[in-house]
Number of protein chains: 4
Amino acid sequence: MHEGLSERRRSFHRYPEPAWREFYTTSLLVEAIEEVEVDELAVGREAMAPDERMAVPSDEELAPWFERARKRGAREDVLDACEGGYTGCVAVLDRGEGPSIGLRVDIDGLFVEEAPDESHRPAREGFRSEHEGLMHACGHDAHMTVGLAVLEAVAESDFSGTFTVFFQPAEEEGGGGRPMAEGPYAKGIEYLLCVHVGLDHPTGEVVAGMEKPLAMSHMNVAFEGESSHAGQAPEKGANAIQAMASAVSEAYAIPRHSEGMTRVNVGRVEAGTASNVIAEDARITAEVRGETTRLMESMKGRFERICTSAAEMHGCGADVAIHSESPRADSDPELATLVQEVARGVEGVNRPVGTAEFGASEDATFLMQAVQEAGGLATYAIVGTDHPDSHHTPHFDVDERSLGIAVDVLTESIERIRKERP
Amino acid sequence: MHEGLSERRRSFHRYPEPAWREFYTTSLLVEAIEEVEVDELAVGREAMAPDERMAVPSDEELAPWFERARKRGAREDVLDACEGGYTGCVAVLDRGEGPSIGLRVDIDGLFVEEAPDESHRPAREGFRSEHEGLMHACGHDAHMTVGLAVLEAVAESDFSGTFTVFFQPAEEEGGGGRPMAEGPYAKGIEYLLCVHVGLDHPTGEVVAGMEKPLAMSHMNVAFEGESSHAGQAPEKGANAIQAMASAVSEAYAIPRHSEGMTRVNVGRVEAGTASNVIAEDARITAEVRGETTRLMESMKGRFERICTSAAEMHGCGADVAIHSESPRADSDPELATLVQEVARGVEGVNRPVGTAEFGASEDATFLMQAVQEAGGLATYAIVGTDHPDSHHTPHFDVDERSLGIAVDVLTESIERIRKERP
Amino acid sequence: MHEGLSERRRSFHRYPEPAWREFYTTSLLVEAIEEVEVDELAVGREAMAPDERMAVPSDEELAPWFERARKRGAREDVLDACEGGYTGCVAVLDRGEGPSIGLRVDIDGLFVEEAPDESHRPAREGFRSEHEGLMHACGHDAHMTVGLAVLEAVAESDFSGTFTVFFQPAEEEGGGGRPMAEGPYAKGIEYLLCVHVGLDHPTGEVVAGMEKPLAMSHMNVAFEGESSHAGQAPEKGANAIQAMASAVSEAYAIPRHSEGMTRVNVGRVEAGTASNVIAEDARITAEVRGETTRLMESMKGRFERICTSAAEMHGCGADVAIHSESPRADSDPELATLVQEVARGVEGVNRPVGTAEFGASEDATFLMQAVQEAGGLATYAIVGTDHPDSHHTPHFDVDERSLGIAVDVLTESIERIRKERP
Amino acid sequence: MHEGLSERRRSFHRYPEPAWREFYTTSLLVEAIEEVEVDELAVGREAMAPDERMAVPSDEELAPWFERARKRGAREDVLDACEGGYTGCVAVLDRGEGPSIGLRVDIDGLFVEEAPDESHRPAREGFRSEHEGLMHACGHDAHMTVGLAVLEAVAESDFSGTFTVFFQPAEEEGGGGRPMAEGPYAKGIEYLLCVHVGLDHPTGEVVAGMEKPLAMSHMNVAFEGESSHAGQAPEKGANAIQAMASAVSEAYAIPRHSEGMTRVNVGRVEAGTASNVIAEDARITAEVRGETTRLMESMKGRFERICTSAAEMHGCGADVAIHSESPRADSDPELATLVQEVARGVEGVNRPVGTAEFGASEDATFLMQAVQEAGGLATYAIVGTDHPDSHHTPHFDVDERSLGIAVDVLTESIERIRKERP
């Protein structure tokens, strides 16, 4: 029944593409979706609110991937729809009366060099990444496979209602969630299912609803000063390195918040040129998090004020750019309970769990939040998979038995939602 | 010839008064000046530009000294003229054709507790300060004595021209120089003589012209935030102690200047209340200096910007108040040479020196600058005096033999200026 | 039945004494306890582990209170036992077989000037503080009254077992809890009851068990450098103000902790002398807190390291002294449930609550922790009282109806513990 | 007479090599020197104190230049002597009785891409750099040419005494001066001449003695901490970026020095990896300078202490490595006066200047200092040359007429020194 799943997952695995550059991936998805009788298929720009993209690469970063996809055989109509870095697609089954149910999967790869050794199954069995330096090291190849299979299963069933599958680009740096959530297809979704494999949960375990992802904002700051000779005219410069150092020290000193957990980090600094030059330029990469979106926003406001004031203090300017962001959204217990009950009856599931804490950030929360704010219900489920090494590492791999489990849990949950409308 | 000098100096020594509170001192000066036939005597407010005062004490600080002066027998007309802390006076001899020559002496005491032991001559010979906690510990008692004696000598001579003696209040914290310089009597002065005793130069030495005083600005900064409970709501406060700490650290990091020496110091901090309260209030006392007035101004501008930005960074406000200031002004070599030549011929002088570096700050530079900017010449002379301990300490004392030397050097310099008009 | 309670509370209210200076208070307690037939009464030094005191005042601070107590009529034997600031006492009823139960009340007043106006009952009815500037503004007068009355009630009952009442000094700055917990009378206590009135809970409400006090450490840090003239030799000094500023900024930047809530604050700074002196001395008052004792200890370690390194950075030394400390300890649910059930049946109680969060720090946690670590149970109960203004303010007062409620709840809880031994 | 100078300078110009990689350059020098009858020629390692090298490149940086030199035809014996980056050479004429005179020239090129356009004479006339990205953009090609020509001229003259020419490698980053000064050939030099062309002085001008170079120390600091996840375990890391920021801020706050001018700058920072990682690694490039070597050393000591303490403060380590250094040394007036007088008589010189301030740093000061400390005299002369653009830029070029002037001034100065022995 689930025979083609491995094969399809492996074909995705061979061609990982980074965020907003999933041109060939989208083409593969479109070809697969067209084999199902869907009522609507929006590709690229049309699938999203195009102005809401975040963490968008430069034209120089986009171009080679666009060309590579073309050479690899991507369809020209898909390339046209995605040109400029508007990747991904949304498929809709419109089957009359019934609930509007959504499923969200993500599609991008990572800048990880895949392991070439025999101990790594993709290398051993010949489906290792053909894009050197890129890898599906977080299971998005599995997610796409599952998304397509659920679409097929629902299409072939007697489902009535509306079923929408979001093939979301650019999850890794948090860039694709918002344009999907603000786009035309999020509206009216009453029940949203999100799915992720693994995350240290073994094959056979299913977590029906993740809780407490941290709201996050990832920022790039550029401090701009003026250079001068450090020996001959130190007072003539406006020292961007001093401004940066002051901002960094003070950022960590943003006060703790009585309403809950917060975080702040400056994780990368690059500044100046040589020891005898007052630096005119310093760039930092930073992030703030909060137990709630409100706490994250409070941290962000403080962080921006610190950067601006630190720059002023040294006669510099500071440009704070939001690279990407994700709100907090929790799984709704009613929907999670339904998924947990379904999982209990699925073959291969030996540990159906209700909820678990997330401890990290995910931009699926944009879609979840949009659905919840409109009165709908959402859950973010984990389908366990034995993985030989951690996510985001060269030896990461999924246990393909979990593909069928995921398809069953999701397909049956959709059926159950239609019947019970929790 | 100089017989009354010691006696007069001792009478001043007994009644030291602090800056802008020299009410009784001014009364003593007025009584002495009235014994000379002066053509004009301006007392208190009339002697200065009253709005230009700096480092002015509060009404609470003024009141007890005003009352004490009245009880001690200060003249009511003098008290009226000085009320509100406008002390000091200016005496003018207007003797027809000739140069306009000025002499500046200062009159305030210091918050130093005078030594009571027998090794200290004022204690041993019965003229120790009668104002506990206050002391003429920098020789201003000698300066007033010399100023009066020179006034008498010039009045009794055949001097022709105008001779003005400035009895300047509030030198110690730099508050009285500017209102004298901006006041009605500085205008038209063509030659200005300033005098100080001691400064580590022994009796018999005379330095004709001091050089390179540092321009200085003394500032008080108040950071105002908002308090909150450090355990229950740390994020609700605006932490004035954080703002202060940031400003302090950054103040010292103002870049060195290629045009010359600069200085910065935060010398006093007082902030907050208790460990469990986010501080709403922090106050610092600071100063900047520069080899030139321009360098000092540059440091001041940077310092103010740092305080403002550090406050903003923490959601606080910063109020930067100039407490007092003094510019840089150097002795004119023509006038210094004249004084040096005169000194060579004065009895008791065995070491007439041309110039020496000052290394500190003095607000006589306001008057010097005013005269120089109007095309006149100024010099700041030191008349050496053996002093048993450093200025500003409880055992400081002057060698009274230097009083007559000072009177002679200045009187003869005035005579020489009239004749030679350098 | 509870007729003498108001009178006794008012007699304590008239003579508030600050931490470790409760000489007269202890004398009053001893006199009252001696009217009950107790089996053991330890006064002052004997009641505690004397070397474990924290936040101890200097001899200069102790002396006037010792003299005042003597003049007011304190018993000489009590003064002898308390000399040097070892105040408080412990009373024991030893009634054979049965559980060992403890009750802890605190006895110190606060440096608050009591309101003198008619709207304030103590002023209106003539029992306002007779020690100007001191006040029982946190209800410890009520606590002592309740402690004595419970002692009397248990003594008169057919109680069997051991009952120990701790009259603990020096609670306000967290100084007396540890020496009581480490002293001879904490050993063997199987059930510990602690009590506080008010805390924003109205008369008629009883909270059976407080939870989540923050562990806290209150520290004083002295930075010692070397002074020099800020204009003439800035490089010769070791700037204690720079060291302090660096430590302050960095203290707030101690990283957030993934295991729970932490806090840090520098609430008071005093440093340096004058603007033209590189400061040789800076003193700060600070605190760290943690959701657990372990988190507080982690913060304390980081804070100390920061002070030491900041001092070294500027050629200074740093002396970090623990002023006082309190661990985290929570009420045991078994014991809290028992108290809640008892409260339900006490006349005057209309709202018996199980638990509530504390949100602040209390040094009763030392005794609670000692009992719990030895296998016993402890709870910290609140007996509500209408109070016209907040604790620690001049118009604070207690509703004396709550005194009887407290006595009943505690006495009956002791009876119930004896019977049920939860 | 000076006909071969241009040709030789152009042959050097074509093959610029960077510091410690002047393998082919040294081979060219050796060939030229062997045409003169010198008494001693030390090449590479033997010419210096090999352990005193500074700013030494890694083996990876050395290797390609070594290979390139071999391919270009460098002599194998020279390559052997220079292997491992011990480049440069020293030639000695030992002509019996007479003074020991030294001449120092430098030989390294710069990482500057030479201009290819026709406006640039080396491009137009076919002697542009054949090493892409490298250029003789500071005139060291001219210096070598002059050094060889003076050697020839002295060799052909009736000079008696000892004459040593130092062809010093690695001047640009200050790496070669110390090993030359500490090496075998600096000993016994009684008169040292150093020479530089240009520096904004036009053809026809000669400055006989440069003054006040700043003593300088160029340092690299690596802060090593421990990484952790910024969201999930911020307290587990040791944040190298916080350590770096603290060190940077405090470095600028090193106090001003009363003895003279100082400088400090952090000109380059590179740290961390990504926003969600507590950085384990931060590297900075910094420098300190001082009006005297002592002031520079004082700054260096303070800077190191700050880095170490800032690291400790954040649980990190700091490794402070001296990249290169140069002391202060001034030209001796006796020798400068001699050179100025000589220059007055040299054809082509229209402006013989005595002294000028340097305002930058130079590692010739090592040799000057060594000579002066042993009782000898040294001077650093500038031979003006019209240069179309600044030193260190792609269009820099020298006016070749200045080559002959330099040779004449130096040769005649050597003759005059021999005769007058100032």
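Every residue gets a Cβ built from N, Cα and C, even glycine.
Cβ-based neighbour count (10 Å, all protein chains) for A:His392 (Mn(2+) binding site) stands at 13. Under the heading Mn(2+) binding site, TrEMBL lists A:Cys138, A:His140, A:Glu172, A:His196, A:His392.
Among the features that TrEMBL reports, domain 'Peptidase M20 dimerisation' is placed at A:219-311.
Just so you know, the Cβ of A:Glu172 (Mn(2+) binding site) picks up 21 other Cβ atoms within 10 Å once every protein chain is counted. Take the CB of A:His140 (Mn(2+) binding site) and look out to 10 A: across all protein chains shown you find 27 other CB atoms. With DSSP classes pooled into helix, strand and coil, the tally for the domain 'Peptidase M20 dimerisation' (A:219-311) is 35 helix, 35 strand, 23 coil. In the three-state DSSP scheme, A:His392 (Mn(2+) binding site) falls into the coil class. A C-beta separation below 8 Å, combined with a sequence spacing of at least six in one chain, links A:Cys138 (Mn(2+) binding site) to A:Leu110, A:Glu172, A:His391, A:His392, A:Phe396. Listed in chain order, the residues near the Mn(2+) site other than A:Cys138, A:His140, A:Glu172, A:His196, A:His392 are A:Asp106, A:Asp108, A:Leu110, A:His136, A:Ala137, A:Gly139, A:Glu171, A:His391, each with its Cβ within 8 Å of the site Cβ centroid. In sequence order, A:Gly139, A:His143, A:Glu362, A:Tyr380, A:Ala381, A:Ile382, A:Val383 constitute the residues six or more apart from A:His196 (Mn(2+) binding site) in its chain with CB-CB distances below 8 Å.
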